[in-house]
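TrEMBL lists Asp70 with the feature active site, proton acceptor. Annotation comment: TrEMBL describes Thr8, Lys9, Asn10, Lys11, Gly12, Lys13, Ser71, Phe153, Gly154, Tyr155, Asp156, Lys176, His181, Arg182 as substrate binding site. Annotation source TrEMBL lists Mg(2+) binding site at Glu41, Asp70.
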Amino acid sequence: MKTVIIATKNKGKAKEFESLFSAKGYEVKTLLDVPDAPDVEETGTTFEENAILKAEAIAHQLGHFVIADDSGLIVDALEGRPGVYSARYAGEAKSDEANTEKVLRELEGVPREARTARFYCALALASPNQETITVSGTMEGLITEQPSGTNGFGYDPIFFVEEQGKTNAELTKEEKNQISHRANALRALDEKLDLFLKREEGM
Ligand SMILES: O=P(O)(O)OP(=O)(O)OP(=O)(O)OC[C@H]1O[C@@H](n2cnc3c(O)ncnc32)[C@H](O)[C@@H]1O
Ligand SMILES: [Mg+2]
């Protein structure tokens, strides 16, 4: 089986990449399987920049091609916050609960029609041998007034998808993986990934 390494320490992302890639016949490894993987500082001002920083640092360290994911929630009424600061929005502890509570608090009194938001996912594919490739994907939704559902991770319990009439955390893993920003970004990577891997084999 072909293996792909995802440069992430986020368990929620790791699980999603496992199902998304197993459908393509790949086995997934993440930095959760690499005990001494460095923490890469996310100093970029865009998701793409941060994805490139993580992918290139880890590809260099492992001497192998890797995919990194930088993603987050963009809330219109908050001028795009939490954005690239999504993981640490309520502090360094990176608590999903504290982060969602902070967004809900900041949106108190904001009417439904003004609670529009989107998830954004930038993926970077990097190798010591080739130029880095980036792609992105989004998904649209509304921020609820309270959390609902236990599936998924991060901001999923407060992200309502109108077409499904459910929050992301009420969708099954399979349902989310059809429509998520991560799935959409991976679709954009599909063709480029094959070409990239072919070139990798020739090196
Ligand atoms: O950098 P890595 O190790 O991949 O893990 P991280 O959790 O720090 O990941 P990011 O820097 O990309 O921050 C993304 C944050 O955005 C949120 N997020 C991203 N994708 C999400 C999704 O599909 N559902 C809910 N929240 C998501 C979640 O809070 C993440 O912690
Ligand atoms: Mg991070």
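Even glycines carry a Cβ here, placed using N, Cα and C.
Please treat TrEMBL annotations as automatic predictions, because they have not gone through curation.
The structure, with features from TrEMBL marked on it.
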| residue | record | Cβ within 10 Å |
| --- | --- | --- |
| Thr8 | substrate binding site | 23 |
| Asn10 | substrate binding site | 19 |
| Gly12 | substrate binding site | 14 |
| Glu41 | Mg(2+) binding site | 10 |
| Asp70 | active site, proton acceptor | 28 |
| Ser71 | substrate binding site | 26 |
| Gly154 | substrate binding site | 22 |
| Asp156 | substrate binding site | 25 |
| His181 | substrate binding site | 22 |
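In the three-state DSSP scheme, Asp156 (substrate binding site) is classed as helix. In this structure the alpha carbons, written CA, of Glu41 (Mg(2+) binding site) and the residue listed as 'active site, proton acceptor' are 12 Å apart. Note: the CA-CA distance between Thr8 (substrate binding site) and the residue listed as 'active site, proton acceptor' rounds to 9 Å. Annotated pair Gly12 (substrate binding site) and Asp70 (active site, proton acceptor), C-alpha to C-alpha distance, rounded: 13 Å.
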